[in-house]
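Peer 1: Take this structure first; my questions come after.
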Amino acid sequence: MSVPLILTILAGAATFIGAFLGVLGQKPSNRLLAFSLGFAAGIMLLISLMEMLPAALAAEGMSPVLGYGMFIFGLLGYFGLDRMLPHAHPQDLMQKSVQPLPKSLKRTAILLTLGISLHNFPEGIATFVTASSNLELGFGIALAVALHNIPEGLAVAGPVYAATGSKRTAILWAGISGLAEILGGVLAWLILGSMISPVVMAAIMAAVAGIMVALSVDELMPLAKEIDPNNNPSYGVLCGMSVMGFSLVLLQTAGIG
């Protein structure tokens with residue numbers, strides 16, 4: 001097994017660390033759950049608007065029309081998926097009951113896992129390709145990716161744990177988002193190698209950025225406010241952005257950003 005692939009696997013596996021942190025102790029309170037949703041929104045927004053979309057537009061051979069077109073395609077793709085999934089009344093999330101939480105929270109957990117998985121897949125490809133071309137830079141990007149996969153795992157595990165009451169399920173779902181990154185690295189190892197087209201990679205990143213922005217603004221932030229109306233979800237958003245910003249600083253320090 002190649003060193004770049006090992007780095008990609010380790011970076012993706014860091015999601016499980018966040019997942020375990022998300023299920024330790026008692027079942028998350030509404031306040032903690034709302035914070036975790038805002039935290040996830042902050043992560044997604046910063047990654048999408050400050051890293052993925054600019055990188056996609058700056059890629060060699062990428063035109064602004066194609067870049068922004070794929071971004072809009074991602075937005076519309078999210079709303080298409082959103083319409084296919086069942087809706088429940090948001091105020092039902094506030095009910096304190098021994099019954100399982102309503103489908104709206106489970107639906108959000110599904111979309112959150114999907115959104116982060118879609119981000120992690122091309123990220124796994126990027127980690128592998130970078131490490132293949134320059135192992136020193138590969139170590140840097142793998143470290144930064146691992147650091148921000150920890151809060152991503154936490155952000156996924158919290159809502160899933162609240163929706164299902166099962167720690168095992170929460171860890172599994174969070175792990176799926178990390179496995180998507182590993183899958184991207186494995187496919188790059190098997191098929192793409194170092195020959196992946198910059199335009200194809202940029203188009204994927206732009207579309208995923210659109211999906212993540214739509215998910216954050218339309219789903220995560222409103223639901224966080226509905227779950228805990230007494231607190232501002234912006235605090236979670238700002239914390240998520242701060243943690244992710246620190247990870248991006250590590251990328252730049254490594255000479256990748």
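The count begins at 1 with the first shown residue.
Backbone N, Cα and C atoms are what each Cβ position is placed from, and that goes for glycine too.
Reproduced below are the annotations present in Swiss-Prot:
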- 5-25: transmembrane segment (TRANSMEM)
- 32-52: transmembrane segment (TRANSMEM)
- 61-81: transmembrane segment (TRANSMEM)
- Asn120, Glu123, Asn149, Glu152, Glu181: Fe(2+) binding site (BINDING)
- Glu123, His148, Glu152: Zn(2+) binding site (BINDING)
- 137-157: transmembrane segment (TRANSMEM)
- 171-191: transmembrane segment (TRANSMEM)
- 195-215: transmembrane segment (TRANSMEM)
- 236-256: transmembrane segment (TRANSMEM)
Peer 1: Between the transmembrane segment (195-215) and the stretches 5-25, 32-52, 61-81, 236-256, work out which stretch tops the count of Cβ pairs under 8 Å.
Peer 2: 61-81
Peer 1: Against the transmembrane segment (236-256), which of these stretches has the most C-beta pairs under 8 Å: 32-52, 61-81, 171-191?
Peer 2: 32-52
Peer 1: Does Glu123 (Fe(2+) binding site) have same-chain partners at least 6 apart in sequence with Cβ under 8 Å from its own Cβ, and which are they?
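Peer 2: Listed in sequence order, they are Val145, Glu181, Gly184.
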Peer 1: Please report the number of other Cβ atoms within 10 Å of the Cβ of Glu181 (Fe(2+) binding site).
Peer 2: 32
Peer 1: If you draw a 10 Å sphere around the Cβ of Glu152 (Fe(2+) binding site), how many other Cβ atoms fall inside it, taking every protein chain shown into account?
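Peer 2: Looking across every protein chain shown, the total is 31.
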Peer 1: Within 10 Å of the Cβ of Asn120 (Fe(2+) binding site), how many other Cβ atoms can you find? Include all protein chains, please.
Peer 2: 28
Peer 1: Given a Cβ distance threshold of under 8 angstroms, which distant residues of the chain, six or more beyond its ends, lie next to the transmembrane segment (32-52)?
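Peer 2: For the transmembrane segment (32-52), the list is 22, 108, 112, 115-116, 119, 148, 151-152, 154-156, 158-159, 162, 205-206, 208-210, 212-213, 215-217, 220-221, 223-225, 227-228, 231, 233-245, 248, 257.
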Peer 1: Would you count the other C-beta atoms found within 10 angstroms of the C-beta of Asn149 (Fe(2+) binding site) for me?
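Peer 2: Around the Cβ of Asn149 (Fe(2+) binding site), 28 other Cβ atoms lie within 10 Å.
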